[in-house]
There are 2 protein chains.
Amino acid sequence: MTASGFDTHDHGHCMAQALQTAEETCARKGLQLTAQRRRVLEILLREHRAMGAYDLLDVLRADGLGAQPPTVYRALDFLVGHGFAHKLERLNAFIACAHPGERHAPSFLICKSCGLVAEMPSEGISQAVMTAAGGLDFVVDRAVVEAEGTCRSCRGAAA
Amino acid sequence: MTASGFDTHDHGHCMAQALQTAEETCARKGLQLTAQRRRVLEILLREHRAMGAYDLLDVLRADGLGAQPPTVYRALDFLVGHGFAHKLERLNAFIACAHPGERHAPSFLICKSCGLVAEMPSEGISQAVMTAAGGLDFVVDRAVVEAEGTCRSCRGAAA
DNA sequence: TGGCGATTCGTTATAACATAACAGGACACG
DNA sequence: CGTGTCCTGTTATGTTATAACGAATCGCCA
């Protein structure tokens, strides 16, 4: 369905769609997409990049809302907990989910040159992790997979 | 060659061997395994678990050495940079490499119950990551792979 | 042998990331 | 209309990591 994250695409559309999906999902599951939570999700969608919690805080404040760190972290806990956003452990940063609604164990590509982050297909990776872990008799709940490297356009620019 | 990390094994032996490997590798490559660096590596090997930088600092201080955060972080930069230790991004913690000398892209298993960490075989995982990334025309330098779950003995204890 | 550069280390301070704890408000439900 | 639950505001603090600068050491070589 979706652009790779390194490709250009219709921002407005993808943002509106993600928000709508979040609203529908919350309605269906009885979750409260409150103003704060929605606001943080909107910022992540609009910026379309990995942002630190304090980056988000700066944006909230620039928009004239008084806010403190716990406000942001609480919103992020909700969004991450319900799959509307993800945390990038390598960057201590957060990003809106590229496939909200779809059940997935996210895997990320992080371009060291331009800083862009994309979700990549993770079925094969999850499978490989399960297999390797199973060999040590370990049951995996969740796997952090974050690959760093260079995206196509940055390789092109370097050449 | 090596125990899984969840298995019991001869600590003294694995520690001595790892230290010797580090010394030989440094000698061969012209790297300086200074007292500080060696000290931090020894602590990581002895404790045989993931430790925060400030945990290491506490141990150094308990041993009577005045030390400040940069001292520890510099030693860790060296050890991680040359493959004698790894950083666990998920935990913001560090652990001695279980296979020093062998070239490898480490993948980890983190038991949420007992906190133990093991390196797991990563060939299949690296392959899967490359494949997925290649599909988006992305070249991977390095992949963080950290799976959380439950090890065998903790599952046994829970049952 | 004396200066030079490179590397390491000590130290102070501060930046960046994250949470504890408690009070108050909104709202549903009996 | 009381009570419990969930969410938010606020203050303070805890945890992780780095910037910046100066001094010590050591190899190199003119």
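Every residue, even glycine, has its Cβ placed from backbone N, Cα and C.
Nobody curates TrEMBL annotations by hand; they come from automatic prediction.
Record features (TrEMBL):
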- B:Cys111, B:Cys114, B:Cys151, B:Cys154: Zn(2+) binding site (BINDING)
Using DSSP and three states only, what is B:Cys154 (Zn(2+) binding site)?
-> helix
Out of the binding-site residues B:Cys111, B:Cys114, B:Cys151, the residue with the smallest number of other Cβ atoms within 10 Å is B:Cys114
So what sits near B:Cys154 (Zn(2+) binding site) in its own chain, CB-to-CB under 8 Å and at least six residues off in sequence?
-> B:Cys111, B:Ser113, B:Cys114
DSSP three-state call for B:Cys114 (Zn(2+) binding site): helix, strand or coil?
-> coil
